[in-house]
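Colleague: OK, Swiss-Prot features for this one:
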- His676: active site, charge relay system (ACT_SITE)
- Asp726: active site, charge relay system (ACT_SITE)
- Ser825: active site, charge relay system (ACT_SITE)
- 58-71: compositional bias 'Pro residues' (COMPBIAS)
- Cys93-Cys165: disulfide bond (DISULFID)
- Cys195-Cys259: disulfide bond (DISULFID)
- Cys208-Cys269: disulfide bond (DISULFID)
- Cys239-Cys249: disulfide bond (DISULFID)
- Cys305-Cys369: disulfide bond (DISULFID)
- Cys349-Cys359: disulfide bond (DISULFID)
- Cys412-Cys475: disulfide bond (DISULFID)
- Cys425-Cys485: disulfide bond (DISULFID)
- Cys525-Cys589: disulfide bond (DISULFID)
- Cys569-Cys579: disulfide bond (DISULFID)
- Cys619-Cys750: disulfide bond (DISULFID)
- Cys661-Cys677: disulfide bond (DISULFID)
- 93-165: domain 'Kringle' (DOMAIN)
- 170-271: domain 'SRCR 1' (DOMAIN)
- 500-601: domain 'SRCR 4' (DOMAIN)
- 631-874: domain 'Peptidase S1' (DOMAIN)
- 51-72: region 'Disordered' (REGION)
- 619-630: region 'Zymogen activation region' (REGION)
- 1-20: signal peptide (SIGNAL)
Amino acid sequence: MTLARFALALLFGVLPEVVGFESVLNDSLHHRHRHSPPPGLLYPHYLPTEQRHRRTRPPPPLPRFPRPPRALPALRPHALQAGHTPEPHPRGCPAGEPWVSVTDFGAPCLRWAEVPPSLERSSPAGWAQLRGQRHNFCRSPDGAGRPWCFYGDARGKVDWGYCDCRHGSVRLRGSKNEFEGTVEVYANGVWGTVCSSHWDDSDASVICHQLQLGGKGIAKQTPFSGLGLIPVYWSNVRCRGDEENILLCEKDIWQGGVCPQKMAAAVMCSFSHGPAFPIIRLVGGSSVHEGRVELYHAGQWGTICDDQWDDADAEVICRQLSLSGIAKAWHQAYFGEGSGPVMLDEVRCTGNELSIEQCPKSSWGEHNCGHKEDAGVSCTPLTDGVIRLAGGKGSHEGRLEVYYSGQWGTVCDDGWTELNTYVVCRQLGFKYGKQASANHFEESAGPIWLDDVSCSGKETRFLQCSRRQWGRHDCSHREDVGIACYPGSEGHRLSLGFPVRLMDGENKKEGRVEVFINGQWGTICDDGWTDKDAAVICRQLGYKGPARARTMAYFGEGKGPIHVDNVKCTGNERSLADCIKQDIGRHNCRHSEDAGVICDYFGKKASGNSNKESLSSVCGLRLLHRRQKRIIGGKNSLRGGWPWQVSLRLKSSHRDGRLLCGATLLSSCWVLTAAHCFKRYGNSTRNYAVRVGDYHTLVPEEFEEEIGVQEIVIHREYRPDSSDYDIALVRLQGPEEQCARFNSHVLPACLPLWRERPQKTASNCYITGWGDTGQAYSRTLQQAAIHLLPKRFCEERYKGRFTGRMLCAGNLHEHKHVDSCQGDSGGPLMCERPGESWVVYGVTSWGYGCGVKDSPGVYTKVSAFVPWIKSVTKL
């Protein structure tokens, strides 16, 4: 087998390349684990001496200025098969290969902006376009020679060297579009492929990331039978998924034989947020985390004009590319000018979107820009040494913080100078700035990382300044450095960080707060949740009115992770991200503590005398029931949707008395309930209180009011050992008709006519209360549709216990088990008179079990007791 492989390779002239490449890989992997050389290409200086000298040529002595390298003859292609001829050395490095930043003998390239001025003064004309560029990609400015770059030699001097831009490149072949195909790797002048053993989505994602075709790859396989004769370089590739190129992944050198199932590795590149979002990439930066923004639309790549471009737009781009960290917008073709069409203009993201497609913007292709206005972004990863300004009104001002060892910390102002400020602002993309008192910004609770910082003003990075060791200082947070950088004419909006949304509210201005982090929507725990936190959420969503916080899963329990706990906003922040003081995902909560907000909240409006009189003269009005259509059947009701619903509670000095029964408000001072509610604790008025206007039993609300009990009247025919005559009236404390104050959330129900038969006159019936939901008793007021049934159903089921003073109601369908358990004992069964008002026809009384098939609920028939009710209440 070995002899056959050797003969076959010799026949096609590929033996030196394939064998040499395996030697490079083996040697590179060996040194990578022992000496950890810089990541990147397989550096030839790790080869044996004779191989290194045979394959490379040492650079010439450093001239007074770098000469543009001469073009070398193209290497003779080794034909593997028809249609598979390796390409000669390219004259430039394509945008799809941004990781090529070393010479062909392994020296890392310098950034073009870091070339000493002494060389720049005498530079060739063809090189002028590269001055000031922040990237270090190999280039051929005159277009005639092999790509080259500057590098620093062992003596600290600047030299130049050629690059092989194809070495280590990848491409996708065998598909009709550029987003999928068989993976091929270029090495030693020959394109080869990868065995599909252990090939998964993490490996595929690295390929897609390397080709700038999206942040998510799907692993595929291709039969070798359709590839022809092509070398196999690797098997068992084991990427984590966050590597910048496939060379940095662990893998095995192919030792020959047959790949499992005779399949080669292939990929399909896509985006994690779905095909509706445009495909984007970053081009021209020094790494995959920055560059000119380009979009793929209508079959071609194009750029974005920088009109209105700011950090909020950059936040969305970074999120769509699945790049975390600090997002920053760049203007005026900072990463070089593009060459395709200008696709978009006037992009105005809030920073809360998941894709640029969701942002306000011009129509595709409409603009008034040239490529000198191409927009760029940087998505700076949170690595040691990253800086930010926090606690201010925008990203241009605040307390200086440095990221180190997984935590943000501050800088002490001992010896702080204007040069230090200049270096910080320049690194953050501003031209200049000034020191500001840290007292103007919220005090940090984190560590103090740096002290005695001294910059010369020439540094490009803050950490290049002299300083003490990390964590060594003699300061307090009163000495934290504060800085205000000048945004200039371009303007900079604060990056809004994590997207937020409101869920399960009655309208778009309220709901459970959910935040999008790490690709998943999750909730916020209500520990310490206040109106100040709510104000920041509403501001981030664009609402300017008053905000109110809601706790205890006021809008229902969410699903998924609880992302954030112990939010501490001052109320002045622009986004939730500025208020998070605790690690993401760290909490001690359940979803029963999910936080919510109400935006543009204008509270309880005072009613004039004329309005009070009009409300007291009518009954059965639901002023809020038409605000939104809801699915009825054991679901949360609308706040204020059942304004006559009240609760009978055990009296407590802490206003947390236990709910005993539901009840129905008949007037300002009289409440209707069930007699059995007083069996356990007696009829002493000192034991009870009535709460009106309530919705969430654990959250104090603006319309609710707790009123003492003045009198309890139980029907004289009621016996504790019987369910007949199960009706009672409660007189509230207060002057006549001035006990409960009427408003949109507190109104009386209507009484039926004496001996009225609701089965013939009523429709659209509901029960309400804080009753059994199937798992526990509800914290929020529930409502469920229910049907009035012929009395024979209950007479057959309950025999002699069912009397003519009772109503039979429920749902007999197997999939609709709604009965009296969904309401509360003593609570109302309400029906609507067609074209008129709402009438209390029943009082929740008794039944056999909860939600049991063929066991309808039994309700006291109010129409049978109208004379008694009127005689007691004088209504």
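All residue numbers here begin at 1 and follow the chain in the order shown.
Placement of Cβ uses the backbone N, Cα and C atoms for every residue, glycine included.
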Colleague: Compared by Cα position, which of the recorded positions Cys569, Cys589, Ser825 is the closest one to Asp726 (active site, charge relay system)?
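Modeller: Out of the listed candidates, the nearest Cα belongs to Ser825.
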Colleague: What does DSSP give as the helix, strand and coil breakdown of the domain 'SRCR 4' (500-601)?
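Modeller: Split by secondary structure, the domain 'SRCR 4' (500-601) comes out as 16 helix, 29 strand, 57 coil.
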Colleague: Mean pLDDT for the domain 'Peptidase S1' (631-874), rounded to an integer?
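Modeller: For the domain 'Peptidase S1' (631-874), the model's average pLDDT rounds to 84.
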Colleague: Which numbers of helix, strand and coil residues does DSSP report for the domain 'SRCR 1' (170-271)?
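Modeller: When I sort the residues of the domain 'SRCR 1' (170-271) into the three classes, I find 19 helix, 45 strand, 38 coil.
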Colleague: Rounded to the nearest angstrom, how far is the Cα of Cys661 (disulfide bond) from the Cα of Cys589 (disulfide bond)?
Modeller: 30
Colleague: Near His676 (active site, charge relay system) in space, meaning Cα within 10 angstroms, which of the recorded positions do we find among Cys259, Cys369, Ser825?
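Modeller: Near His676 (active site, charge relay system), where near means Cα within 10 Å, the recorded positions are Ser825.
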Colleague: Same-chain residues six or more away whose CB lies under 8 A from the CB of Cys425 (disulfide bond)?
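Modeller: Set apart from Cys425 (disulfide bond) by at least 6 residues yet with Cβ under 8 Å, we have Lys431, Tyr432, Gly433, Ile483, Cys485, Tyr486.
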Colleague: List, in sequence order, the same-chain residues at least six positions removed whose CB sits under 8 Å from that of Cys661 (disulfide bond)?
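Modeller: Long-range Cβ contacts: Ser647, Leu648, Thr673, Ala674, Cys677, Asp824, Ser825, Gly826, Gly827.
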Colleague: Which three-state DSSP class does Cys485 (disulfide bond) fall into?
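Modeller: Going by the DSSP assignment, Cys485 (disulfide bond) falls within a strand, counted as strand.
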Colleague: In sequence order, what residues of the same chain, 6+ apart, have a Cβ less than 8 Å from the Cβ of Cys412 (disulfide bond)?
Modeller: Ile448, Leu450, Asp451, Asp452, His473, Asp474, Cys475, Glu479, Asp480, Val481
Colleague: In the three-state scheme derived from DSSP, which category covers Cys359 (disulfide bond)?
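Modeller: Reduced to three states, the DSSP call for Cys359 (disulfide bond) is coil.
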Colleague: Using C-alpha positions only, work out which of the disulfide-bonded residues Cys359, Cys369, Cys579 is nearest to Cys259 (disulfide bond).
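Modeller: Closest recorded candidate to Cys259 (disulfide bond) by Cα: Cys359.
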Colleague: Out of these disulfide-bonded residues, Cys269, Cys485, which one has the fewest other C-beta atoms within 10 Å of its own C-beta?
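Modeller: Candidates: the disulfide-bonded residues Cys269, Cys485. Fewest Cβ atoms within 10 Å: Cys269.
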